[in-house]
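> Take this structure first; my questions come after.
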Amino acid sequence: MSDMRSPSQGLNLTDSVYERLLSERIIFLGSEVNDDVANRLCAQILLLAAEDPTKDISLYINSPGGSISAGMAIYDTMVLAPCDIATYAMGMAASMGEFLLAAGTKGKRYALPHARILMHQPLGGVTGSAADIAIQAEQFHVIKKEMFRLNAEFTGQSIERIEADSDRDRWFTAQEALEYGFVDHIITRAATITNGEAQ
């Protein structure tokens with residue numbers, strides 16, 4: 001991937017930084033999750049997986065969450081990729097950010113010491129005619145149940161506990177997130193990680 005290691009002409013400093021990180025198999029979710037962000041992350045995951053399906057991808061997350069459909073597109077692409085995807089919470093991993101953090105490869109999910117993780121019920125607004133609202137509400141109920149099931153699978157908690165704990169905003173410190181099962185390790189230095197594994 002030598003062409004990716006040379007900054008492209010016309011890129012600003014921020015673009016060059018993210019391009020350099022990409023060349024090191026590091027991708028970054030540092031904003032609200034929307035369709036544009038999801039398309040970019042999915043493309044990056046697919047590119048890196050095609051380039052070397054045996055090497056880990058590192059996904060750093062500092063996000064307030066966002067669109068359910070966009071987040072699920074990222075999740076499905078993570079599952080599709082043959083390589084392990086290590087996830088790192090830094091700053092805040094809230095809502096869909098928490099979901100993607102916990103969806104990382106088991107044993108390779110990390111939180112920085114002062115990261116905060118937020119779990120709550122998926123949020124969705126419904127508009128339109130009464131019939132449209134009923135259809136949207138039914139679809140929202142389906143995806144909410146699926147996210148509860150997946151979060152239970154990620155964390156090892158029961159679906160019932162996930163539902164109860166998601167009823168209102170619930171914040172976790174890094175240590176609490178570790179105990180709950182969102183992450184596997186709390187790290188303070190990159191040197192403690194070798195080949196995606198905490199030492």
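These residue numbers are counts, starting from 1, taken along the chain as shown.
Any Cβ shown, glycine's included, is placed from N, Cα and C.
Annotations for this protein, taken from Swiss-Prot, read as follows:
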ACT_SITE  S95  active site, nucleophile
ACT_SITE  H120  active site
> I'm trying to understand the geometry here, so how far is the Cα atom of H120 (active site) from the Cα atom of S95 (active site, nucleophile), in Å to the nearest whole number?
6
> Once the DSSP letters are reduced so that anything not helix or strand counts as coil, what is the residue listed as 'active site, nucleophile'?
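The three-state answer is coil.
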> Within 10 Å of each Cβ, count the other Cβ atoms and name the one among the active-site residues S95, H120 with the highest count.
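Buried the deepest by this measure is S95.
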